[in-house]
């Protein structure tokens, strides 16, 4: 970071009154023992778990909103199923971050949480994949609504959201620990994380777009589980293997130094943990410097923009481009598969952008890059609205397949959105890790603070997007319009309010 930025942060720290903290020893920031700089290869292996996490997340994003509608939940309420994601992020992510900052396990602070999260992910996707079979075993039969299968699905879905938050946060915190507040190394590590997210997305969306898994895993098709269900189940079997491989690669690469359980700090530690946690995460807000609040504001606006797309991307393709409905004909499932293909191409662009991230931020400044990416996101959402409008007036819906030009436009928009998505997955985490270090927070808790700016908007979108869309006659365009507006505003704020610092070319990493 440039000298002027360092001086600014030091002045804020010097003029700020001391942060009031509980008297318990657990509230004191955890300081890791000094270590030598880790190599890029180690950072790469540690970040690899993001590939396994994102593989399952890609399946979740591309297939589960359509699938839950096939189980009988109306489109207007499908977004409510996703409510657990932001709710678990609101509570689980900060709690896990706080706990991992103070974990005294002999295996390290972060790795136990990564492994536990990976196990929970594996269990949850098995429950989701077998939801129809579980529902059948407990009395579901043929019908439009399968209530017992829905209960099993929602249970597995919510466990999956909790597990994703339990795994991803400690992994990012571990990368921050290993880079030891080196600005460039932090950006590089987050770039690696985004790169592996892109690889996981490509593989996950490719898996979700293939309709022949039930022919390979023939046992997955049952009396309760049709072809679409069997393909989903098969994809999750692959996910379990993939998450196991990447978790082993990640945790075996990081050599964490366990925290010493000092007898002098033992007194009162267990009794004051919750109080200290709440005090740290909320009590420090008023001491944040202005640029931290700008980062949190832009993050919130960005995610109000992204979440409607994340919820309904393949559903938008199936309904508004292919003109289908769940459980009626083949148009909807064909649209979902094409949407998954578009998301796979999206992930290719995400990966390319992740590789170029460091150079872009060094040349133009992280705030400027973030702002431009948000404006690009808003333009793409506007393009989706225009494409839906044109498709609805061509007269093919309900009679024939969409014209190639409409499909091409939709897939192109999905693809281009990979560029701003890569920025969203990387730049805010790097900025927040660097800028609030002076507050004395551990990396796990600092990322939990940023997570609040992500999940609160997601709660709002999850609750409001379905009724909001119905207010304007259904479809996904109203929520996308809100996303375009907030994304554009966030981009302007980032460009104008975040320092456009150009970083000098650094010495190559070892």
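Just so it is clear, glycine is given a Cβ too, placed from its N, Cα and C backbone atoms.
Here Swiss-Prot flags 21-34 as compositional bias 'Low complexity'.
Residues annotated as phosphoserine in Swiss-Prot: 23.
When pLDDT is averaged over the topological domain 'Cytoplasmic' (1-45), the result is 51. Per Swiss-Prot, the feature topological domain 'Cytoplasmic' maps to 1-45 (among others).
Sequence annotations record features per position, and here Swiss-Prot assigns topological domain 'Extracellular' to 67-71 (among others).
Residues annotated as topological domain 'Cytoplasmic' in Swiss-Prot, with sequence analysis given as evidence: 93-111 (among others).
Remote same-chain partners of the topological domain 'Extracellular' (133-148), defined as residues 6 or more beyond its termini with a Cβ less than 8 Å from a stretch Cβ, comprise 71-72, 127, 222-225, 327. The annotation topological domain 'Extracellular' is assigned in Swiss-Prot to 133-148 (among others).
According to Swiss-Prot, the feature topological domain 'Cytoplasmic' maps to 170-187 (among others).
Positions annotated as topological domain 'Extracellular' by Swiss-Prot: 209-233 (among others).
Annotation source Swiss-Prot lists topological domain 'Cytoplasmic' at 255-291 (among others), citing sequence analysis.
Marked as topological domain 'Extracellular' by Swiss-Prot on the basis of sequence analysis: 313-335 (among others). Sequence-remote contacts of a segment are chain residues at least 6 beyond its ends whose Cβ falls under 8 Å from one of its Cβ atoms, and for the topological domain 'Extracellular' (313-335) they are 61-63, 65-66, 69-70, 75, 78, 144, 211, 228, 342-343, 384, 387-388, 391-392, 396-398, 401-402, 406-407, 410, 414, 475-477, 480.
Per Swiss-Prot, the feature topological domain 'Cytoplasmic' maps to 357-365 (among others).
Residue counts for the topological domain 'Extracellular' (387-402) by DSSP state, with H, G and I taken as helix and E and B as strand, are 6 helix, 0 strand, 10 coil. Among the features that Swiss-Prot reports, topological domain 'Extracellular' is placed at 387-402 (among others), with the record citing sequence analysis.
Taken from Swiss-Prot, the feature topological domain 'Cytoplasmic' applies to 424-443 (among others).
Under the heading topological domain 'Extracellular', Swiss-Prot lists 465-477 (among others).
The topological domain 'Cytoplasmic' feature in Swiss-Prot is assigned to 499-510 (among others).
Residues or ranges marked as transmembrane segment in Swiss-Prot (evidence: sequence analysis): 46-66 (among others). Panel annotation: around the transmembrane segment (46-66), residues 78, 81-82, 114, 118, 121, 125, 128, 157, 160, 164, 167-168, 171, 174-175, 178, 189, 192-201, 203-205, 207-209, 232, 235-236, 239, 242-247, 249-251, 253-254, 310-315, 318, 326, 332-333, 336, 339-340, 343, 347 of the same chain, lying at least six beyond its termini, place a Cβ under 8 Å from a Cβ of the stretch.
The transmembrane segment (112-132) makes contact with the transmembrane segment (234-254): 3 or more of their CB pairs lie within 8 A, with pairs spaced 6 or more apart in sequence.
Between the transmembrane segment (366-386) and the transmembrane segment (72-92), fewer than three CB pairs separated by 6 or more residues in sequence fall under 8 Å, so the two stretches do not touch. Contact between the transmembrane segment (478-498) and the transmembrane segment (292-312) is supported: at least 3 Cβ pairs lie under 8 Å, counting only residues 6 or more apart in sequence.
Listed by sequence, the residues of this chain that lie at least six past the ends of the topological domain 'Extracellular' (387-402) yet keep a Cβ under 8 A from its Cβ atoms are 316, 320-323, 331, 334, 409-410, 413, 475-477.
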